[in-house]
Amino acid sequence: MAMPIHLEGTTLEGGGQLLRLATCLSALTSAPITITNIRAKRSGGGGLKAQHLTSVQWLGNASNARLSGVGLKSKEITFTPQSRTVSRLEWSNEGDVHIKQSTPGSVNLVLQAVLPYMLFANVGSADVEVGKEIRVKITGGTNVSNSPSCDYIEQVLAPMLSLIGIPPIKTQIHSRGWSQGGARLGSVTYSITPLSKPLPAFQLCDRGDVKSIRATIIAPKDAELRFRDELDVMFERREENIFRNTQPDVQVTFEDSMHEKRYYLLLVATTTTGVRLGRDWLYDHAVRAGKVDTVISNVVKKVSEDLIEEVDHAGCVDEYMRDQLVVFQALAVGKSNVYGGKRKEVLLEPSLHAKTAHWVAKEIIDVDFDNDGGCEGVGFGADQNYNTAESVVEQNLAHGLEKLEVAGC
Ligand SMILES: Nc1ncnc2c1ncn2[C@@H]1O[C@H](COP(=O)(O)OP(=O)(O)OP(=O)(O)O)[C@@H](O)[C@H]1O
């Protein structure tokens with residue numbers, strides 16, 4: 001049997017993302033891995049939290065893996081996938097998957113671990129019903145600090161994945177789960193259509209101009225007017241920083257957060273080439289009586305400044321999207337390019353999360369990322385049943401998607 005690939009869990013960012021990506025790639029490729037010192041630099045002693053455990057166990061089941069050392073707080077695990085095909089087909093034929101967490105761990109970090117597996121596991125399998133959706137219901141936190149919110153998934157990640165050739169992902173939030181204002185469980189269903197053929201290389205090189213902004217406010221009902229006013233004033237003042245060459249187009253939606261300590265704002269810019277850039281904040285400081293106005297103005301100030309920084313660099317991905325696209329570049333057929341933008345004429349460095357994802361992908365499937373965001377993917381599944389470039393393009397067109405081809409990459 002092959003020796004497991006050893007990954008030192010404290011490398012670079014050294015958080016849960018390293019574990020999620022490593023176990024996902026291992027499950028897909030059947031390469032056994034051992035991860036040591038998992039999250040060892042994180043506060044609270046590190047090791048697997050419930051959210052990480054859920055992801056590892058689900059991927060283990062799906063890929064029929066032998067798991068060793070896997071439990072709450074484990075700092076070292078070995079993940080040895082046994083067979084790919086049998087269990088892959090088992091779950092995908094069902095159509096419904098329910099991943100339950102008993103804590104409000106981020107549902108979207110669980111999604112981050114399982115989504116590439118769900119999309120790619122059946123690539124090249126002749127038995128798969130093309131176009132058959134998997135509905136994945138995940139219980140946990142829908143809005144959790146330091147993780148993508150369901151709103152970000154729906155408004156940024158899913159449209160960006162469509163842009164690179166992944167069949168559209170639908171989001172249905174049943175109830176919200178929060179890490180702020182008292183822990184609370186929620187649930188969401190994502191409808192995902194697995195790829196049946198390899199993902200063609202994709203090019204995200206031309207950002208275009210910002211053509212619209214969508215603001216999603218979730219806050220206590222009695223803060224609605226104040227929040228909307230604060231946003232109006234900000235958009236008036238920052239119009240030129242955001243829209244530059246285009247007519248301002250702003251849409252604002254409001255949802256009652258049902259708790260006096262839950263304030264959330266997401267701003268999403270959509271550009272003329274279909275790129276989405278998002279920044280958000282789930283307010284995580286104390287909300288003092290009589291200080292609601294300060295909270296609102298802090299939230300609007302921070303999120304709008306963060307978004308303007310993303311607009312300024314002219315790249316095709318926001319800070320978070322950059323690391324979340326790495327796995328798709330690594331698995332695609334041929335060279336994909338993702339332009340990360342410039343500051344003062346110098347290419348923006350990938351974030352530590354992005355560098356970590358590059359490192360994990362290199363260790364497990366031996367792909368390299370260059371400084372300007374290019375990566376020659378392994379062409380996952382291309383050596384199986386369907387391996388012509390034309391058939392790949394046909395498949396994506398059948399999903400109603402166009403490949404984004406932009407000159408200058
Ligand atoms: N506001 C945000 N919007 C979108 N994505 C986010 C946001 N904040 C963090 N992320 C993404 O969430 C992931 C967080 O990975 P990280 O390793 O920090 O997670 P974790 O499992 O919580 O680990 P740890 O508890 O060890 O920090 C990254 O992919 C990052 O890009």
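Even glycines carry a Cβ here, placed using N, Cα and C.
For the ATP site, TrEMBL records TYR320, MET321, ARG322, ASP323, GLN324, and the single candidate of GLN112, GLN155, GLN172, GLN180 listed with them is GLN112.
In this structure, the recorded positions that sit close to ligand 1, with a C-beta under 6 angstroms from any of its atoms, are TYR320, ASP323, HIS353, chosen from TYR320, MET321, ARG322, ASP323, HIS353. Put simply, ASP323 (ATP binding site) is 6 Å from HIS353 (active site, tele-AMP-histidine intermediate) when counted between their Cα atoms. Cβ neighbour counts within 10 Å, taken over all protein chains shown, single out GLN324 as the most crowded of the binding-site residues GLN112, ASP323, GLN324. Same-chain residues at least 6 positions away in sequence with a Cβ under 8 Å from that of TYR320 (ATP binding site) are, in sequence order, PRO148, TYR152, GLY278, HIS353. Predicted-model confidence for the domain 'RNA 3'-terminal phosphate cyclase' (12-370) is 93, expressed as mean pLDDT.
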